[in-house]
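Trainee: Summarising the annotation, TrEMBL assigns transmembrane segment to 17-36, 56-74, 86-105, 111-130, 151-173, 185-206, 266-285, 297-317, 329-348, 354-378.
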Amino acid sequence: MSYQTETSEASRNEGKYIAMIICWLLGNGSLFAWNSMLTIEDYYIYLFPRYHPTRVLTLVYQPFALGTVAILAYNEAKLNTRKRNLIGYTLFFLSSLLLIVLDVATSGKGGIGVFIGVCSISAAFGVADAHVQGGMVGDLFLMCSEFNQSFLAGLAASGALTSALRLITKAAFENSQDGLRKGAMMFFAISGFFELLSVLLYAFIFPKVPIVKYYRLKAAAEGSMTVSADLAAAGIQKQRHQGAEEDPKLSERLTNKQLLLQNIDYAIDVYLIYVLTLSIFPGFLSEDTGSHSLGSWYALVLIAMYNVWDLIGRYLPLLKWLKLTSRKGLMVAILSRFLFIPAFYFTAKYGDQGWMIMLTSFLGLSNGYLTVCVLTAAPKGYKILEITP
């Protein structure tokens, strides 16, 4: 099958909205398992009251995610993107099942051994996240910005969805015997379903959408060696683009160091966004906000408000007049978020629950908004070569 046939004008937009929906679902699957673990924090606090699970699970998750993504980024030119993403989604699915197996095997009992097992699964989620988010964001950057927008919105939607489900299950099982465990087991099962759905969507549906094939063929024409398996899954045999053989400049690419130096401010932006966010969410919100009239619902409400406003924030950049694109402006906005640290401290100490809920909402809104602004602005200036029909 030739490039000319596959990259016809009709393929440029054919299936675009289907692809956007799939990207949203894949984004949802990228964090659904991890958000499920965070959202049932009241169950883990009940099982492991001495081990501060909401803090420790995050501290275990992040180093494995960061270390794995660093290794994958260093070797990105040699990696098979399709295998990378499938490994990530499959690991999410298997780890979600392991949470059920661990809970059933121990009859819902706590203890240091069980806690180490849960921490190991949290580490596996970190490894899976590094495979999926890095692979998917990189893959979608070769396509249109709407795909990345949908994927990033799906990430936030997973938090909002898990929070809504947690509030429903807590209300349903609150007065029943062993209600916390029943709600947690339901979460684990739903999480496994979403991760399996992500595996199937990415493996069999996404690569066959016409617009996705079009953009991957463009990447192949530029000399990318990471899309061959994706093209094969769509029934296309990759052919060496003749122009790349005639003109060596077509196969030239910037090194990882050059890319990092050109975009160092964007890298610092993303780092600072999540240093601030993760210093407050979920550990501080779960353990250091005092006692209030909402009782055991209070931490769940705070997490739900964060997730809902994070989702809203990720859609705000769709309004062009609200999207922040200035590199200096982004840095100033991100640095100003560190005012949240004293604000949360004094609110927890002197404020009531209404102020804390409002502050948490702003934390989520700014996290979602700035994440999308940075990640959709960063690729500017890097162009995929056009293929002549």
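Glycine residues also receive a Cβ, built from the backbone N, Cα and C atoms like all the rest.
In TrEMBL, annotation is done automatically, which means it is predicted and not curated.
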Trainee: Looking at 86-105, 111-130, 185-206, 297-317, which one has the highest count of Cβ pairs under 8 angstroms to the transmembrane segment (56-74)?
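Mentor: By the under-8 Å Cβ criterion, the transmembrane segment (56-74) pairs most with 111-130.
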Trainee: Take the transmembrane segment (111-130) and find every residue of the same chain, 6 or more past its ends, with a Cβ under 8 Å from one of its Cβ atoms.
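Mentor: For the transmembrane segment (111-130), the far contacts come to 30-31, 33-34, 37, 44, 47-48, 51, 53, 56-57, 60-69, 72, 87-89, 91-92, 95, 98-99, 102.
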Trainee: Quick test of the contact rule: Cβ under 8 Å, at least six residues beyond the ends. What residues does that give for the transmembrane segment (151-173)?
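Mentor: The answer is 23-32, 35-36, 38-40, 42, 133, 136-137, 140, 179-180, 182-183, 186-187, 190, 194, 297, 300-301, 303-304, 306-308, 310-311, 313-315, 368, 371-372, 375-376.
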Trainee: Taking contact to mean three or more C-beta pairs under 8 angstroms, with sequence separation of 6 or more, is the transmembrane segment (185-206) in contact with the transmembrane segment (17-36)?
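Mentor: Checked: the transmembrane segment (185-206) vs the transmembrane segment (17-36), in contact.
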Trainee: How about the transmembrane segment (86-105) and the transmembrane segment (17-36): do they have 3 or more C-beta pairs under 8 A, pairs 6 or more apart in sequence?
Mentor: yes
Trainee: What residues in the same chain, six or more past the boundaries of the transmembrane segment (297-317), come closer than 8 Å to it by Cβ-Cβ distance?
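Mentor: Contacts with the transmembrane segment (297-317): 35, 38-39, 41-42, 149, 152-153, 155-157, 159-160, 162-164, 166-167, 170, 281-282, 285-286, 289, 323-324, 353, 356-357, 360-373, 376.
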